[in-house]
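Database features (TrEMBL):
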{"type": "COMPBIAS", "residues": "18-34", "note": "compositional bias 'Low complexity'"}
{"type": "REGION", "residues": "1-54", "note": "region 'Disordered'"}
{"type": "TRANSMEM", "residues": "147-167", "note": "transmembrane segment"}
{"type": "TRANSMEM", "residues": "220-240", "note": "transmembrane segment"}
{"type": "TRANSMEM", "residues": "252-277", "note": "transmembrane segment"}
{"type": "TRANSMEM", "residues": "304-324", "note": "transmembrane segment"}
{"type": "TRANSMEM", "residues": "336-357", "note": "transmembrane segment"}
{"type": "TRANSMEM", "residues": "369-391", "note": "transmembrane segment"}
{"type": "TRANSMEM", "residues": "403-425", "note": "transmembrane segment"}
{"type": "TRANSMEM", "residues": "437-458", "note": "transmembrane segment"}
Amino acid sequence: MDHGGSNPETRQGIPLNRARSLGSSFRRSSFNSSCDQPPPTDHDAESESVSEAGDIGDRALYSNRFSDSERFSLSLDRALENGAIAPIPENAFVQSYGFRGRESATVNTPASLVPPQAEEIVSTLANCSIEHSEDTKQESKRKFSRLLEYVTCLVHLAVFGILGVLTRYGLQKLFGPENANVTNNETILYPDLPSNMVGSFLMGWWGVVFKGDISAISDYLAIGLTTGYLGSLTTFSGWNQKMLDLSVDGRWLFAILGFLIGLFLVAYSIIFGIETAKGFRWIMKRKNITCSWCLKVDSYERDLAAMVGFSLMLILLWSLSGSLLERDFSSEAAELWVGCLVGPVGVWARWFLARLNGRGVGRKGRWKWVPIGTLMANVLAACVMAALATVKKAVKTEKVETVASGVQLGLLGCLSTVSTFIAEFNAMRLSEQPWRAYAYAALTMAISFALGVLIYSIPVWTQGFNE
């Protein structure tokens, strides 16, 4: 998958700007001082990178990348003391996310100091040392505390999350029975299909091809657009719930086709997004158009100004949603205002869960190719969505309907995501083991739907709620 169209480089003297996501890259190439763990392989690195193709949560923050580089340097020191040097795969330093990286000079280690087969390894380790030194200098210049960094990121996520909820609701109404009459609750063209397709298409632009360019302007903007806006514009829990509604009415074939056709449409949406973005990048390069005019948020003062500006926007959006909800709680749009109030909580929870992507399962980190964080977020949101749908069936009051629908639209719609899910799916599909993409999609859908049947469908059937 092309992450911004980076040029291939020779193996000798690998510049570490290919390791922009330092926490992930360093962790893939860390050593065990007791040598009881086998060295990482190219296969392990690919398994981890495809799992992290969509999101890595707070591990993308500068302070966490810096901390991981410190831990990596310590592990290198211990490994060198014990004479335990293992080969480092070249693709351990693959540029994955487009977050700000700093180039380091290539240092050549004299051949007399090391065996020939380890010469390149030591050269790479020297690069890591220089990169760590550069990180330290950058950290001292930045003077942005970890707490302030987290607050800034959370504010960006909240604002873009609310904008994602508003866009998703608008697309529901635009393509729904009230206007275009393309989607409805009775067919496989479920109401959230347009927003899932649009979000997947834009993921190809902002989350794959141009993410590095956006990150060059602001890391927080890149996180806000992809995790915040696109993650909230798309929703897996809404998709799963509509398939449950079809199955409850006995339309099992429609439910199965809804999953299959829905996956096909969003998968081709991101492919179409990537191809059109590459075409647009080619036109920009041909016309010599650059983004040099963009104001880069690359200093403490600009970061602080951005945080204040987005904080004011968040207060404005929350205040406006609260006042509109209080004015007319019984209106049709009341669920939208509830969704805007609780949506940021779902975005924050998904962002923190995304840090589990690429970590694997258990102490030994098995199944690293499975994005555990995204899987947990989608399954959890689908289960809670099904539980609230059951409550709405059992307690048929206006207040419960409004609050439950608002939580489903905002909190659960933002907790689950299709854009990140399909970015991971597409990365697996293009990897050396494409079967993993379909296994991951089947695992997500099967678990969510099966638990939904237990939580929602069985109570509806046994209690006769539909009657």
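Cβ coordinates are placed from backbone N, Cα and C, and glycine is handled just like the others.
No curator has checked TrEMBL annotations; they are predicted automatically.
Between the transmembrane segment (252-277) and the stretches 147-167, 369-391, 403-425, 437-458, the greatest number of Cβ pairs separated by less than 8 Å involves 403-425. The transmembrane segment (437-458) makes contact with the transmembrane segment (220-240), as judged by at least three Cβ pairs under 8 Å among residues 6 or more apart in sequence. For the transmembrane segment (369-391), the neighbouring stretch richest in Cβ pairs under 8 Å, chosen from 147-167, 220-240, 304-324, 336-357, 403-425, is 403-425.
A Cβ distance under 8 Å defines the sequence-distant neighbours of the transmembrane segment (147-167), meaning residues of its chain 6+ beyond its ends; these are 58, 61-63, 195, 199, 220-221, 223-225, 227-233, 303, 306-307, 310-311, 313-314, 317, 321, 336, 339-340, 343-344, 346-348, 351, 409-410, 413-414. Highest Cβ contact count with the transmembrane segment (220-240) among the listed stretches 304-324, 336-357, 403-425 falls to 403-425 (criterion: pairs under 8 Å).
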